[in-house]
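Worksheet: one structure, shown below.
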Amino acid sequence: MLDMDKGTDYCQYSRRRDLLEVDSYDVTVAEHLGEIQLIKIEKRKYWYLDDWYLRYITVKTPIGDYLEFPCYRWITDEKEIVLRNGTAKLPRDDKIQILKQHRRKELEDRQKMYRWKEWHPGFPLSIDAHSHSDLPRDIQFDNEKGVDFILNYSKAMENLYVNRFMHMFQSSWSDFADFEKIFVRISNTISEYVMQHWKEDFMFGYQFLNGCNPVMIKRCTEIPKKFPVTTEMVECSLERNLTLEEEIKQGNVFIVDYEVLSGIDANKTDPCTIQYLTAPICLLYKNLENKIVPIAIQLSQASGPDNPIFFPSDSTYDWLMAKIWVRSSDFHVHQTVTHLLRTHLVCEVFSIAMFRQLPSVHPFFKLLVPHMRFTIAINTKAREQLICECGLFDKANATGGGGHVQMVQRAMKDLTYNSLCFPEAIKARGMDSKEDIPYYFYRDDGIKVWEAIRSFVEEVIGIYYESDEVVCEDVELQGFVKDVYVYGMKGNKTSGFPKTIKTREKLSEYLTVVIFTASGQHAAVNFGQYDWCSWIPNSPPTMRCPPPTEKGTVTIEKIVETLPDRGRSCWHLGAVWALSQFQENELFLGTYPDEHFVEKPVKLAMENFRKKLDEIVSFISERNKNKKLPYYYFSPDRIPNSVAV
């Protein structure tokens, strides 16, 4: 073992969180050391904060060969770090006892640092840390101020010039145009188009395909009994001279059901403002122009005389109010289920399991660690400031004050392994036909990114696993998969998450799920929030009057009275703006500046991956030319490697 005291061939370190200095060190050793298996780095503690971030060590041998020892970790206090050669090794590859011991000790130490904890009953388990500062130094943000939700939301409102309204709770806007006071300052192509067209049925339907929650719409195979729509009710919307049943058989009818919201407690944290939730059902129709448009909306789950079904033929304001309620419900499901549960919390499970079960020398630690960057940190910060009791989420959202917790608990039953496999999820909703549904860009672009990731993963697997037997024998890999199942999914068999993986084909799918969820899926449902939710009437975060129980009662005044007040509108706008921004020094899909892999075959696989991603970027860019509503959320140059915001 080569023992080095603060000396490395190349070292990047930080004396302060907000000041990075970079230095290189050359250390010459006179005597011949033989074959170097491990390098130990020790740091002495001084009176001031002097944490060092060590990138890697390069050793030049007497015959001129170079050995790389990747680190990419912080050295703190009086601690030491022991590094291995950068060549990835499976457990079966280690024959020397000292290497076996190093491998085992690294996991033992990590399992003490990365402990599971249940934040709320029924949730996937998360990291055992009360605050960001409690986390292991290696996974903390470089600059904690940059991810302070309170600071960022306040800055967003200041930058948006809406801070003068932020304390005006209970103060209603006068009309729709009045909302422009907090909107016009920074408009972009999509958000401005939404503002201009949000009332139109086409825009309403389009968002189910390519908005920031494009995962709810399903092909309708039969009308639910709880939603008794008949041909006579919607015949003025059907354009093919067919009955509703015939349209359904031809695949022209779609449904969106917000049942997960049924019975969820609305926010009661502000006694001066009563807030409301409902669980609507919406029927949509593909017209002769191949546009998806709404044809019927029921605002609660149980049909009855006080729960009328609304149609486009109803009065303008009745129909508009029904659509606004659907948009508000969609916002809640998007924030809590599609975004929080199915990307953030799931990826935290993958991340904790990776640190606990895969040592740094394992090829899949090297493969996955860029896609787990800052995920545990951002989730911990969210539990500390955003979604905690009395957190920022409570300020503007009707599902604040505990409703969002109930939603996650309820949505866990639908969190299955297959639902995270992108092609399977699309197919399960009956949305896989490009011919029948030609403008579903979320599906088309997502499949391209999924296939590019899977191809890359298969190349890497082929380098280290020559047979299915090698997969079965990899105890560390099996430990990773088991941790995800036992702790993340609470050992729930109905989740479909595997307890073990026995084939290379299943392994490639599993790792693709991990990387795709952390990168492409999160990008697709996160970074469009300002585009689609900044025009408040299009995505109200709360409603201040109950849904109508009869037709003919809705007026423009009633709609404005129902929509969020000035204060909540501003907090909502600050939130969707802040959440739509990339991190400073963001790393996008396929960008791997930390060279955990040193083998040429893997670096070649990375090059191939980047080429495929570049082709996708070019394809999406070309398609978006001259489009009034471009779709770019799956463009790889806009997909961060990990869930970090």
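Backbone N, Cα and C define each Cβ position, glycine as well.
Annotated features in TrEMBL:
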type	residues	note
DOMAIN	1-89	domain 'PLAT'
BINDING	Asp50, Asp51	Ca(2+) binding site
SITE	Trp74	site 'Essential for stabilizing binding to COTL1'
DOMAIN	89-645	domain 'Lipoxygenase'
BINDING	His339, His344, His522	Fe cation binding site
Env. residues of Fe cation site, Cβ within 8 Å of mean position of His339, His344, His522 Cβ: Thr338, Leu340, Arg342, Thr343, Cys347, Gln521, Val525, Asn526, Val643
Asp51 (Ca(2+) binding site): nearby recorded positions from Trp74, His339, His344, His522, Cα cut-off 10 Å: Trp74
Residues near His339 (Fe cation binding site) in space but at least six apart in sequence (CB under 8 A): His522, Val525, Asn526
Separation of alpha carbons, Asp50 (Ca(2+) binding site) and Trp74 (site 'Essential for stabilizing binding to COTL1') (Å): 10
Nonlocal neighbours by CB distance (under 8 Å) for His344 (Fe cation binding site), same chain, sequence gap 6 or more: Thr375, Ile378, Asn379, Ala382, His522, Val643
Cβ neighbours of His522 (Fe cation binding site) where a neighbour is any other Cβ within 10 Å: 24
Across the domain 'Lipoxygenase' (89-645), average pLDDT on the 0 to 100 scale: 93
Protein Cβ atoms within 10 Å of Asp50 (Ca(2+) binding site), excluding its own: 17
Asp51 (Ca(2+) binding site): tally of other CB atoms within 10 A of its CB: 17
